[in-house]
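Visitor: Mind looking over this structure? Questions follow.
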Amino acid sequence: MKRRVVPTPSTTPELAEDGRTALTSTGMQSPVATRRLLPSIAVISVFVFATYGAVLGILLPAQIATIDPDPLAKVANFGLVSSISFVFTLFAQPIVGALSDRTRNRMGRRAPWMLIGAAIAMIFLLGMGGMQNVLLIAAFWAVIQVSMNAIQGPLSAIVPDRFPRSKRGVASAMAGLGMMLGGVLGTVLAAQFVNNVGVGYTIFGIGVLVSTVLYVVFNKDYSSVGAVVEPWSWKNFLSGFWINPKQNPDFAWAFAGRFLFILGYFVISAYSLYLLQDYIGLPLEEAASTAALLAAAGLVPTLLSISLAGWWSDKVGRRKVFIYAATVIMVISLIFPLLMPTVTGMLIMNVISGFGFGLYMACDAALMTEVLPGGGTAAGKDLGILNVATNIPQALSPAVAGLIITFAGGYQALFVFAMVAVVLAAIVLAPIKSVR
């Protein structure tokens, strides 16, 4: 029988290379990152992002289109729903992350918040199906997004909690793998319910709750009861959400890069159904089935790039060069639907961009864990702040796309905007010095 190695105290939560977490100044430690943890992160990510893909890509735009099918009206209504939900979800993830850092519970710091978020998300998803009021849909979607952030925030903190720096590329790749696979599967499955969105919402709501419960059951964390926690102070709690970009420039540049890349990707992805209807010229049902086909076509190159990039970037100890390559690939992919406004052009774009997006997510997620202030002593809160750079553009992308489509030249201008955004995302990473 192997004798258990007891880690020695440390002032930071940086993991030892054997995969065990050193004790922090709060007395916290996390269990060994078992082989089961990696696939578990991928599986729960599949269910979380399948829900996002299904709702944003198919169910929500289809539901809104039934209220007013006019091309400009449905774009405006979709943008309105997204803008309202954005206001309420802006700081959800860093707040939940900060609260999870302070949580003292027998289940650990992260699990209680994940379970609460999953339960609330399921309840409100079950209630979405029969709604025909745009403002009511916006209110429910805002609650759902806040609840889903309560799963994502603590989940993202598990990588620096339980994996050493040299293995975070692989761990982040597994999360990215689940994200991309989930987005595709969610779109494919949701397309089957384009005329019965209530059933779709129900399936994904149950899936989120079940997957979260199983994750918590099979990946138990150490109890945080009795661990040292600073006395509560509203001033300290609120001031913790401001991270001075002059003192932490790498953190600020990483935030800006993620924001721009996700915005460039999602202004196209969020409007895939309307693109196929109004830019390519397909009827609703054919557009929904084609959207599923396009998502599936991008899956294989995405899985390939995520699998290779995480391992390769860990091996060579570099992140930025892979992100630069991903940017070039994304720009090339966006040229095709501009020159070929057909299903074929969209298909080529999805295949190429799938490879680029997978490459980006695997390496950028690892980079983000390596620019945390203080070595990651408040990983839940700080990663939550960085993840705002994912949530804001994702939530705002329908509104931004709607403005571009309506006032700046239609869908062609949307593709050009996406190109500019991903190029800028690569440029702002150049000043980062702590990560190669």
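Going from the start of the chain as shown, residues are counted 1 onward.
Glycine is treated like the rest: Cβ placed from N, Cα and C.
From TrEMBL, here are the annotated features:
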DOMAIN    38-436  domain 'Major facilitator superfamily (MFS) profile'
TRANSMEM  37-60  transmembrane segment
TRANSMEM  80-99  transmembrane segment
TRANSMEM  111-128  transmembrane segment
TRANSMEM  134-158  transmembrane segment
TRANSMEM  170-193  transmembrane segment
TRANSMEM  199-218  transmembrane segment
TRANSMEM  251-275  transmembrane segment
TRANSMEM  287-309  transmembrane segment
TRANSMEM  321-340  transmembrane segment
TRANSMEM  346-367  transmembrane segment
TRANSMEM  388-408  transmembrane segment
TRANSMEM  414-432  transmembrane segment
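Provide an account of the burial state, proximal residues and distances for the features listed.
Guide: When Cβ-Cβ distances below 8 Å are used as the criterion, the transmembrane segment (37-60) is approached by residues 78, 81, 121, 125, 128, 137, 141, 144, 148, 151-152, 155, 158-159, 162, 170-171, 174-187, 189-191, 193-194, 197, 200-201, 204-205, 207-208, 210-212, 214-215, 218-219, 269-270, 272-273, 288, 291-292, 295, 394, 398 of the same chain, each at least six residues removed from its ends.
Within the same chain, residues 53, 57-58, 62, 169, 173, 176-177, 180-181, 183-184, 187-188, 190-191, 194, 272-273, 276-277, 280, 322, 343, 346-347, 350-359, 361-363 sit at least 6 positions outside the transmembrane segment (287-309) and bring their C-beta atoms closer than 8 Å to a C-beta of that stretch.
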Visitor: Of the listed stretches (80-99, 170-193, 321-340, 388-408), which one yields the highest count of Cβ-Cβ distances below 8 Å with the transmembrane segment (251-275)?
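Guide: Most contacts with the transmembrane segment (251-275): 388-408.
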Visitor: Counting only pairs 6 or more apart in sequence, are there at least 3 Cβ pairs under 8 Å between the transmembrane segment (199-218) and the transmembrane segment (111-128)?
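Guide: Since 3 or more Cβ pairs under 8 Å link them, the transmembrane segment (199-218) and the transmembrane segment (111-128) do come into contact.
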Visitor: Is the transmembrane segment (388-408) in contact with the transmembrane segment (80-99), using three or more Cβ pairs under 8 angstroms as the rule and ignoring pairs under 6 apart in sequence?
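Guide: Output yes: the transmembrane segment (80-99) sits against the transmembrane segment (388-408).
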Visitor: The transmembrane segment (321-340) vs the transmembrane segment (134-158): three or more C-beta pairs under 8 Å (separation of 6 or more)?
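Guide: In this chain the transmembrane segment (321-340) does not contact the transmembrane segment (134-158) - fewer than 3 Cβ pairs sit under 8 Å.
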Visitor: Across the domain 'Major facilitator superfamily (MFS) profile' (38-436), what does the pLDDT come to on average, as a whole number?
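Guide: A mean pLDDT of 84 is what the model gives the domain 'Major facilitator superfamily (MFS) profile' (38-436).
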Visitor: Can you name the far-off residues of the same chain, 6+ from the ends of the transmembrane segment (111-128), with a Cβ under 8 Å from a Cβ of it?
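Guide: Answer is 51, 59, 63, 96, 99-100, 103, 105, 137, 140-141, 143-144, 147-151, 153-155, 197-198, 201-202, 204-206, 208-209, 211-213, 215-216, 221.
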Visitor: Apart from its near flanks, which chain residues at least 6 from the ends of the transmembrane segment (170-193) lie with a Cβ under 8 angstroms of it?
Guide: 33, 38-39, 41-55, 57-59, 155-156, 159, 163, 199-200, 203-204, 272, 288-289, 291-292, 295-296, 298-299, 302-303, 306-307, 309-311, 314, 354, 357-358, 361-363, 365-366, 369
